[in-house]
Amino acid sequence: MSWFTPEVIDVILTVVRAIVVLLAVVVCGALLSFVERRLLGWWQDRYGPNRVGPFGMFQIAADMLKMFFKEDWNPPFVDRMIFTLAPVVAMSALLIAFVVIPITPLWGVADLNIGLLFFFAMAGLSVYAVLFAGWSSNNKYALLGSLRASAQTVSYEVFLGLALMGVVVQVGSFNMRDIVEYQANNLWFIIPQFFGFCTFFIAGVAVTHRHPFDQPEAEQELADGYHIEYAGMKWGMFFVGEYIGIILISALLVTLFFGGWHGPFGILPQVPFLWFALKTAFFIMLFILLRASIPRPRYDQVMDFSWKFCLPLTLINLLVTAAVVLYNTPAVAAQ
């Protein structure tokens with residue numbers, strides 16, 4: 001009897017796809033640091049990294065070597081186990097969230113009927129990582145930074161979910177492939193769910209703690225926030241994890257609001273990966289552009305904005321979407 005039954009082969013292929021996708025995401029997250037520095041230099045009319053290799057292309061390799069050989073030092077006053085666990089949770093939770101994103105019709109790790117719920121479950125783990133890092137560091141700046149980050153993340157994750165409920169109500173499914181295929185036969189959700197898209201994008205920037213929502217890491221106030229005591233590879237995991245979060249939110253924006261791997265008006269359906277990559281790269285550059293162009297508001301302004309603007313907008317969007325869906329399905333409404 002052969003061990004290579006169809007079920008075993010399917011498991012092997014799933015594991016291979018998962019390894020390829022996760023390695024690609026980690027590599028892209030590391031390279032994104034160099035891309036961001038070059039783009040910021042270009043937009044701000046100054047030199048970016050341009051000393052190591054042609055056009056500074058080997059700067060990321062130099063940074064990685066420096067990080068690998070830095071001493072992995074644990075301060076004597078920290079809780080060692082939780083201090084070490086925090087960066088692992090921060091990076092691994094975001095990586096696991098990638099398994100439900102369909103990149104092309106044939107390439108994706110897991111096709112879950114509860115794909116969006118799985119994403120929210122994994123994204124919610126990042127709050128624990130931040131709290132672990134701040135509390136275990138036994139540092140007042142780290143603790144204040146973690147409290148800021150957790151409050152901000154929990155607040156904006158509410159609107160992250162509510163913004164997607166309009167999409168779920170229209171499609172009738174939490175499966176991301178179903179959402180992409182629905183957009184192939186209808187308008188992309190950027191048009192009927194424009195307010196949901198705006199709220200999701202704002203909440204995505206806040207959840208990833210990117211500028212201008214980077215108050216948990218404000219250098220002037222908190223001396224780099226909850227990872228002030230980290231060095232070496234532990235700090236590197238937080239650093240790369242932030243860029244992985246940018247890629248994750250950008251890929252979700254493409255999947256949920258911009259047709260996924262489909263091109264506009266059905267153009268060039270033979271290259272689905274190219275369309276997905278181009279649209280994701282556009283939103284990544286938009287993240288970087290925000291850092292270059294918008295000043296950092298106060299923390300109280302960030303929290304006021306979430307509850308006084310994002311909450312009413314998402315609720316109105318959800319109610320209007322539900323009313324339109326019910327109006328177009330009178331049989332369901334009558335029952």
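All residue numbers here begin at 1 and follow the chain in the order shown.
Note: Cβ is positioned from N, Cα and C throughout, glycine not excepted.
Per Swiss-Prot, the features are:
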type     : residues : note
TRANSMEM : 11-31    : transmembrane segment
TRANSMEM : 81-101   : transmembrane segment
TRANSMEM : 114-134  : transmembrane segment
TRANSMEM : 154-174  : transmembrane segment
TRANSMEM : 187-207  : transmembrane segment
TRANSMEM : 238-258  : transmembrane segment
TRANSMEM : 270-290  : transmembrane segment
TRANSMEM : 307-327  : transmembrane segment
Open item on the list: I'm a bit unsure how to read this: which one of 114-134, 270-290, 307-327 has the highest number of Cβ pairs shorter than 8 Å with the transmembrane segment (154-174)?
Closed with: 307-327
Task: Most Cβ pairs under 8 Å with the transmembrane segment (114-134), selected from 11-31, 81-101, 270-290, 307-327 - done: 81-101
- [ ] State the non-local partners of the transmembrane segment (81-101) in its own chain: residues 6+ outside its ends, Cβ under 8 Å from one of its Cβ atoms.
- [x] 18, 21-22, 25-26, 74, 108-110, 112, 115-116, 118-119, 122-123, 125-126, 128-130, 132-133, 135-137, 176, 227, 229-230, 234-235, 237-238, 240-241, 244-245, 248, 251-252, 255
